[in-house]
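Have a look at the structure below before the remarks.
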Amino acid sequence: MAISNSYPNFPSDCKSLLSKHLTKEIYEELKNKKTSSGFTLEAAIASGLENYDSGIGVYAGDLESYDTFAALFDPIIEEYHGFCKSDSHVSNLNAKDLNAPNPDVENKYIVSTRIRVGRNIANLPLGPAITKDQRDEVEKQASQALNSLDGNLKGTYYPLDGMNEEVSQKLIEDHFLFKAGDRFLEAAGLNRNWPKGRGIYHNDEKTFLVWVNEEDQLRIISMQQGGDIKEVFQRLTSAISKIEEKIKFSYSKHLGYITSCPTNLGTALRASVHIKVPNLAQNYAHFEEITNKHHLQIRGINGEHSESVGGVYDISNKRRLGVTEIQCVQDMYDGVVELIKVEKELALG
Ligand code: ADP
Ligand code: ARG
């Protein structure tokens, strides 16, 4: 899958949205275009050409990419989020509007809850096109803003550069830190100058964390054991508004919060639980029927592209654009309520 200057040949079993939507005509229309930060079609599709098993296969280098390469991005965005060119995005981060009482007060099914949003700084390129100096500047601005937080958000910024291997490994195993060397990010140019400019901020309890310069410049994360989804959301929204007092994030009326991967546009929010459903796991078609009905995605428990361990799965909202943050969390909540109900019935035989 060498990247060449001609229309790529996708293998017949390639299922990526890139392979579906990059027609010869669109390729010809876009192949010589460039954004003002120098991002090209070749760079946008590099990850999907290097990794034919991609689900999507494209990344944006800047806000302008979504316009310059709209002929490719628009149909991908439409298929992933069900969101058309004529739609507009509305944000709602008001935790008061969320109706999500703990669906598992006895703590039998939900191991932990995590909600994250991606954010990128306005008027800077996104990770795939950022320069080293700009990335270092992001780290500086982010760590300064984070170091000013107080109360339950007060914590410390730990740069990845120079972090002890045992410490980073333990953070990864405990689901707090991103992994190094992701091949999808690598091919998208998102791992350049690794580990410089990357890091993690967290409070002592590790219930509030921020990843710096991974797939997006900031990933703002709230997580805790158990199923108190509302508490997790409240902590997240209060952190976002405090960080927004210091940093202006890239936002467009049409696409919402701008992210490097089109799957994260809009709310850039992924609300997930790690949930124990061994009986549903044995009835996978039924499991998927429920998750599809509620617009949910099933992942393994060690992050994207990982496997389930012991009947525990990561269940999260799939759509993020054209729905509010409240709706994203509500999708996850409603699906989890149904999964628990069916899992209980299956356990009774
Ligand atoms: P994201 O794009 O949301 O960062 P990943 O699937 O790469 O998604 O997950 C990042 C990390 O967060 C992984 O270590 C994963 O195990 C962890 N994680 C995701 N959801 C939960 C959850 N509900 N509870 C605990 N850890 C979680
Ligand atoms: N580029 C990868 C693919 O196409 C990941 C897409 C969605 N996930 C993400 N982390 N952005 O499969």
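Every residue gets a Cβ built from N, Cα and C, even glycine.
Pulled from TrEMBL, these are the features on record:
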BINDING   112-116, His175, Arg219, 270-274, 299-304  ATP binding site
DOMAIN    1-82  domain 'Phosphagen kinase N-terminal'
DOMAIN    109-346  domain 'Phosphagen kinase C-terminal'
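Recorded features from TrEMBL, shown on the structure.
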| residue | record | CB count, 10 Å |
| --- | --- | --- |
| Ser112 | ATP binding site | 18 |
| Ile115 | ATP binding site | 25 |
| Arg219 | ATP binding site | 22 |
| Ser272 | ATP binding site | 22 |
| Arg299 | ATP binding site | 18 |
| Asn302 | ATP binding site | 15 |
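Note on the domain 'Phosphagen kinase N-terminal' (1-82): its mean pLDDT in the predicted model is 95. Per DSSP, the secondary structure of the domain 'Phosphagen kinase N-terminal' (1-82) breaks down as 38 helix, 2 strand, 42 coil.
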